[in-house]
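K.L.:
Pulled the feature table from Swiss-Prot, pasting it below:
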- 90: active site, proton donor (ACT_SITE)
- 164: active site, proton acceptor (ACT_SITE)
- 15, 89, 296, 385: substrate binding site (BINDING)
- 42, 45, 297: Mg(2+) 1 binding site (BINDING)
- 193, 221, 246: Mg(2+) 2 binding site (BINDING)
- 162: site 'Increases basicity of active site Tyr' (SITE)
């Protein structure tokens with residue numbers, strides 16, 4: 001089997017908050033008549049530049065044409081050579097490698113007539129406990145709207161949430177107090193996510209303030225600036241709660257292991273460059289005796305299905321994970337969206353080959369956008385994933 005062509009389709013899909021996220025749907029064609037699909041998820045992140053899709057397609061074709069899709073390690077090395085790792089969270093090269101690698105996995109599994117999770121080594125479970133995100137309070141008046149989100153999602157079966165914190169601690173504290181008062185033990189807040197906004201000392205003070213409202217807290221996420229390994233270590237010594245950090249390069253993961261800076265690796269294929277790299281990162285965590293949580297950039301169903309296959313194949317996921325992306329959008333580009341039930345993400349049925357997801361060409365056309373340009377998006381809209389222009 002040889003790769004014969006590549007398609008890249010940019011789509012822009014609004015979240016329920018009004019913020020439009022742009023993604024790229026990947027199709028890889030072969031001489032066997034099989035097509036693999038993937039997703040370069042959520043290009044709507046800083047830094048404030050966009051990728052030219054025509055140039056990207058030509059560059060990727062120069063790597064992929066004529067290749068055997070099963071040569072995953074060879075292709076991934078060539079992808080990394082051309083789209084290198086950096087020490088930055090939202091490196092767009094990782095998004096690109098992720099979309100291609102996921103499509104290759106879909107293609108290979110389809111050829112073998114098995115599911116992607118079987119191609120990854122089989123399943124240890126069929127579902128993953130996940131949480132719904134509560135986005136960061138900038139103003140106290142946002143507390144009530146976020147409480148409405150909890151009410152709505154609890155009715156839909158989501159009983160675990162993660163809270164983005166650090167911009168307005170008074171509002172964060174008010175929200176937690178009211179959640180505890182209204183919902184009691186019916187709701188858990190699994191993590192406080194600082195998103196690298198504060199230095200570790202300020203994060204430590206915030207943690208002491210917010211953990212008065214421990215509602216099943218499992219971890220503290222990203223409580224220091226990016227790549228501040230010493231800060232993470234210092235904070236880890238001073239809090240009783242496990243510290244979690246995203247993995248965005250193997251060098252960065254190596255440094256966190258060397259410094260013993262964290263307890264839990266937050267691993268997401270989009271940030272580390274695909275299923276192949278995510279699996280490596282999970283194995284490195286296991287060797288280092290660290291737990292893993294499955295992260296997210298709020299993918300659509302194609303990207304989330306890939307994550308579900310990965311999560312159900314790993315043995316060291318012992319905490320509530322994050323992939324609830326499809327629930328945040330007003331639409332999708334597939335005929336069969338991923339399944340959520342009672343707060344769990346279910347992997348597609350293993351009797352369905354590949355990722356188990358089928359594109360809907362009419363929806364792909366409906367949400368198609370000409371490019372990945374930014375329009376008039378502000379920094380705070382990017383950070384807080386809102387269409388609200390108030391700052």
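Cβ atoms here come from the backbone N, Cα and C positions, even for glycine.
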K.L.:
In sequence order, what residues of the same chain, 6+ apart, have a Cβ less than 8 Å from the Cβ of residue 246 (Mg(2+) 2 binding site)?
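P.N.:
Non-local contacts for residue 246 (Mg(2+) 2 binding site): 89, 222, 266, 267, 268, 271, 295.
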K.L.:
Excluding 193, 221, 246, please set out which residues of the same chain place their CB within 8 Å of the center of the CB atoms of the Mg(2+) 2 site, keeping sequence order.
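P.N.:
Neighbours found: 191, 194, 195, 222, 244, 245, 266, 295.
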K.L.:
Hey, how far is residue 296 (substrate binding site) from residue 162 (site 'Increases basicity of active site Tyr'), Cα to Cα, in Å?
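P.N.:
Pair distance, Cα basis, whole Å: 12 Å.
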K.L.:
For each of 15, 45, 162, count the other CB atoms within 10 A of its CB; which of these recorded positions has the top count?
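P.N.:
When each Cβ's neighbours within 10 Å are tallied, 162 tops the list.
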K.L.:
Comparing the binding-site residues 42, 193, 221, which residue's C-beta has the most other C-beta atoms within 10 angstroms in this structure?
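P.N.:
Its Cβ has the most other Cβ atoms within 10 Å: 221.
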K.L.:
Measuring C-alpha to C-alpha, could you say which of the recorded positions 42, 162, 164, 297 are within 10 Å of residue 193 (Mg(2+) 2 binding site)?
P.N.:
162, 164
K.L.:
Near the Mg(2+) 1 site, what residues other than 42, 45, 297 in the same chain have a C-beta no further than 8 Å from the centroid of the listed C-beta atoms?
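P.N.:
Those within range, site residues removed, are 21, 41, 43, 44, 90, 95, 270, 298.
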K.L.:
From the Cα of residue 162 (site 'Increases basicity of active site Tyr') across to the Cα of the residue listed as 'active site, proton donor', what is the distance in angstrom?
P.N.:
20
K.L.:
Between the Cα atoms of residue 45 (Mg(2+) 1 binding site) and residue 15 (substrate binding site), what distance do you get, rounded to the nearest Å?
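P.N.:
So the Cα of residue 15 (substrate binding site) lies 14 Å away from that of residue 45 (Mg(2+) 1 binding site).
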K.L.:
Of 15, 42, 221, 297, which binding-site residues are close to residue 164 (active site, proton acceptor), meaning a Cα within 10 Å of its Cα?
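P.N.:
Cα within 10 Å of residue 164 (active site, proton acceptor): 221.
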K.L.:
Rounded to a whole number, how many Å is the Cα of residue 221 (Mg(2+) 2 binding site) away from the Cα of residue 162 (site 'Increases basicity of active site Tyr')?
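P.N.:
Between the alpha carbons of residue 221 (Mg(2+) 2 binding site) and residue 162 (site 'Increases basicity of active site Tyr') there are 10 Å.
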K.L.:
For the residue listed as 'active site, proton donor', list the number of other Cβ atoms lying within 10 Å of its Cβ atom.
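P.N.:
By my count, 19.
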K.L.:
In sequence order, which residues at least six apart in the same chain have a CB under 8 Å from the CB of residue 297 (Mg(2+) 1 binding site)?
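P.N.:
Same-chain residues close to residue 297 (Mg(2+) 1 binding site) (Cβ under 8 Å, separated by 6 or more) are 41, 42, 45, 268, 270, 271, 325.
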